[in-house]
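A quick write-up on the structure given underneath.
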Amino acid sequence: MTDAYIYDALRSPRGKGRKDGSLHEVTSLRLSAQILNAVKDRNGLDGHAVEDVIWGNVTQVGEQGGCLARSAVLASDLDERIPGLSINRFCASGMEAVNLAANQVRGGAGRAYIAGGVEMMGRVAMGSDGAAIAVDPSLAMESYFVPQGISADIIATEYGFSRDDADALAVESQKRAAAAWQDKRFDKSVVAVRDVNGLPILEADEYMRPGTDMQSLGGLKPAFKDMGETMPGFDAVALMKYPHLERINHIHHAGNSSGIVDGAAAVLIGNKEFGEAHGLKPRARIRATAKIGTDPTIMLTGPVPVTEKILADSGMSISDIDLFEVNEAFASVVLRFMQAFDVDHDKVNVNGGAIAMGHPLGATGAIIIGTLLDELERSGKGVGLATLCIASGMGAATIIERL
Amino acid sequence: MTDFTLRKDADGVAIIEWDVPEKSMNVLSLDGLAELDGHLDAALADDAVKGIVITSAKPDFAGGMDLNVIAKMKESAGDDPARGLFDGIMQMHAILRKIERGGMDDKNKGGKPVAAALPGTALGIGLEIPLACHRVFAADNPKAKIGLPEIMVGIFPGAGGTTRLVRKMGAMAASPFLLEGKLSDPKKAKMAGLIDEVADDPVAAAKEWILSEPKFVKPWDEKGYKIPGGAPYHPAGFMTFVGASAMVNGKTKGVYPAAKALLSAVYEGALVPFDTALKVEARWFTNVLMNPSSAAMIRSLFINKEALEKGANRPEAPDQKVKKVGVLGAGMMGAGITLVSALAGIEVVLIDQKQEAADKGKAYTADYMDKGIKRKKATEEKKAATLSLITATTEYAALEGCDLIIEAVFEDPKIKAEVTVKVEAVIGDDCIFASNTSTLPITQLAKASSRPEQFIGIHFFSPVEKMMLVEIIKGKQTGDRAVAKALDYVRQIRKTPIVVNDARFFYANRCIIPYINEGMRMVKEGVSPVLIENAAKMVGMPLGPLQLVDETSIDLGAKIARATRAAMGDAYPDGEVDEVIFWMEAEGRLGRKTKAGFYDYDATGKRQGLSETVKAQYPQAVDQPDLTEVQHRLLFAQVLEAVRALEEGVLEDIREGDVGAILGWGFAPWSGGPFSWLDMIGAPYAAERCDQLAEAHGARFACPDLLREMAAKGQSFYKRFGPAARAA
């Protein structure tokens, strides 16, 4: 089979996903087009250079609807013969875009792809595209639907993580992210967002709170306690699914969960001939990809079985992996991953994660692959694994090998 | 038979009057529906008719649907009952929709306004017809009940009531009426938007409205209509619908198919135009009617409950209505019996050894009435009238003139015997003597009586005013008149009776004790108490067995255990359980009253969590059983006891076994009761499970011979022992 290589990976800085966030004035279309242009310009992708743009995006309504991928291609400087495909696998959409692209390259369907994603969470509200699993009683009741925050708290309860465990992970994420930015570790990947006149709008992640400590987090109220215990009472539903639990321990809050932000990212993937034709040097080989469906109620434990699957599929073991990116959707997701594989935190999210810098849903999967690649190169390590938990009970993973 | 009549008044208003012959309350039958349809056609086609008022000639509008309709619809399509139901329901929709369109064309032009005028109670289809009308007028009748109680018997409003109410008031506002079956008096119904107007003369008011040439198109038949509170994918509606599934799931533990189907009908209906929504509602309603759980709930909670209340098992005897009851012992039970008797207008003599105690017993009624006044359910006058019926005294002579005595003194045969003798010395020859004992055999107690044929057990459950079941126990010599007396009394106080024969713990306690014991046995075995409690609730038991012990207190359990052990000797099977009971007793963990039991309680007595002390005493096994195994242990412990009660003749009628189980101890109402549940899972599977459970957990699960025989013959309880078989 043909190998699929990563030739480039870049991202926008992440803006606060609120009315006063720096990227709030930027449209999903404009941000997507800027990122695509950056890929084109850095790699000289003139003409029909890539087969397709696969663009991950979760909330595909309004300005993010109508196959944003195609609109973004047309709004960018890319050749109009490049079509554009919007995809949605919730939080792993950006990763699924990369994996789809890689697997098509491996299968011989096209020489190269741009894969990535965007999410302007401050402009297009999460959940505004509806969701039958949450709203349609015939499925919501049968699948014991609870919102993600409750699921994260179920993980904490089931696997014994305390509020302090979660807060400590959050503090460390902030510390690592601040140190990484200070050390300019993201310089290779982050592309400033500019206005129509070329003036910079945002040049660095703005969601971080570097001074965060246990004390400041300690003052935050658990975010999902009320909806769990009182209105409408999701805990009762959770206990029906897990009758060995007496109650749900609500440990998550805004400070130890991923941030709501705006952002976009892209990865340029191609085979050997593509690189040779464009005079590009491959940076990493995409060694394996995987996805899996899991229990939809606890929902966010996917990184564990999908990692087991990707290791089994590729004949590797956990000790073969030098570095991990496990999306910090909620602290308990990462805690559970480290517990399940007995992996030291020193190898996981070494430059911080979504708790500190934010989680632009459709883009994050591509972001963490880029972050992983940058760190493998910086530290001289060989193999990295990126994985995300996914809404409705799924998991996705990618293993890359630095060249 | 004519259920509906049509007349045209001089003012040009047509009146369709509902008056089902030989019934005190209108119910809708298929024939009635056809008559209504015919009158509608005639009135709508008559150019001289300005509008139509649908009303009733009875004091009430209607009590609901004749349940035979469902059976007839099922039969109408031969071997495809779902087709018969669906088509029948769609036909009903068509008639109600005809009312709603009032003869308008598709541009909402022309047509005639149709109003409903409700003199009194309007329930179920009795409200669904009015909801299809353009305006609903109700008499200012505070006794009238208006609502859609279908969910209480395991179905949901399926003649458009669900679709119309959601469109009228929004999903959130409609939910107490649809999901809880909330009933309102006319004033409250108007405030909630269930009806439109309260009037002294609803027919006159309805006519006046019609003659005012009103605009009458339903909001949902006009362009641009939006569901109040938002449809499911509207941002506001989204939260309502996400929350509704969670709330219903959590509250019903997922075991009530009607609640699920109702929500689906509401959700799917809210996404499509009105007529399509009715079709969706019909599909889900058919689905519920085809569900064995709904059928069993209707049978037990509606048909059979009513049959028992109306005296299905009453022996032939003249009217035994009670005029004056003597209640002995003014403790919690005596006070409660006094309250419910006085509320039913029966004169009560309440006797205790000390005047202070008797007064306290009477004060229970005063407190109850005060609470009612606070909640505007009672008045000072009603309170005074109720209290005036009660005489609290220490004098046995006051019992003179009583026609029923209910003894609720201490559970000690010697004391009970003394009381019996003292009472019989003062009461008249015809007076019936009843004991409210929950543990002592009636036949034994009757030995103290000089007229054992007039001696009977009337076993109330606590708290008396809340618990709907009364267990009537026949001693060996109890005569028919005593049984009739007890039944007539229970009817007077508006509770549901079952009549059983005398045996240890009668029926209800006989079945609930094994449930509690199985819970404690599992604790001893190292099954997680959390799993035990959750498993019980998820199979529809109102309380887990351990919580039930805490509520009833462990010293009661210890007392029963000691007495039973003494009575049974070597045959006593519950030593394992007693170890837990006696340890709890020794630890002072008596339950809620000592603020420590299987659960911990805070200083105010609020339940916290399952106790770590108990978990430490009985360490949890590493391998825990699966949920179904725990649930089957808890269910079979109860239903096998019910089967044995039937086998031994303690229970004479399985309807009483089912109704009594649900009303007496809250046995999984979704199942329709122990016998309905066994029929649902089938005797062969039940027998097989008995063998497996007996093998794994002990002889208490041994398959009763009766069940084994039924499994071999492929019989069901209702086919073999149901009313049809009894009549044959």
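Glycine too: its Cβ is placed from the backbone N, Cα and C atoms.
Source: prediction; values computed, not measured.
Feature annotations, reproduced from TrEMBL:
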DOMAIN    A:5-232  domain 'Thiolase N-terminal'
ACT_SITE  A:C91  active site, acyl-thioester intermediate
DOMAIN    A:280-402  domain 'Thiolase C-terminal'
ACT_SITE  A:H359  active site, proton acceptor
ACT_SITE  A:C389  active site, proton acceptor
Task = Sorry to bug you, but what's the C-alpha spacing from the residue listed as 'active site, acyl-thioester intermediate' to A:H359 (active site, proton acceptor), rounded to the closest Å?
result = 8
Query = With every protein chain in view, how many other Cβ atoms are within 10 Å of the Cβ of A:C91 (active site, acyl-thioester intermediate)?
reply = 30
Message = Validating a neighbour-count step here. Other CB atoms within 10 A of the CB of A:C389 (active site, proton acceptor): how many?
response = 34
Task = Note down the number of other Cβ atoms within 10 Å of the Cβ of A:H359 (active site, proton acceptor), including every protein chain shown.
result = 28
Inquiry  = Give the mean pLDDT for the domain 'Thiolase N-terminal' (A:5-232) on the 0 to 100 scale.
reply    = 97
Message = What does the structure give for the C-alpha distance between the residue listed as 'active site, acyl-thioester intermediate' and A:C389 (active site, proton acceptor)? Integer Å is fine.
response = 7
DSSP-assigned states of the domain 'Thiolase C-terminal' (A:280-402) in counts, ordered helix, strand, coil = 52 helix, 33 strand, 38 coil
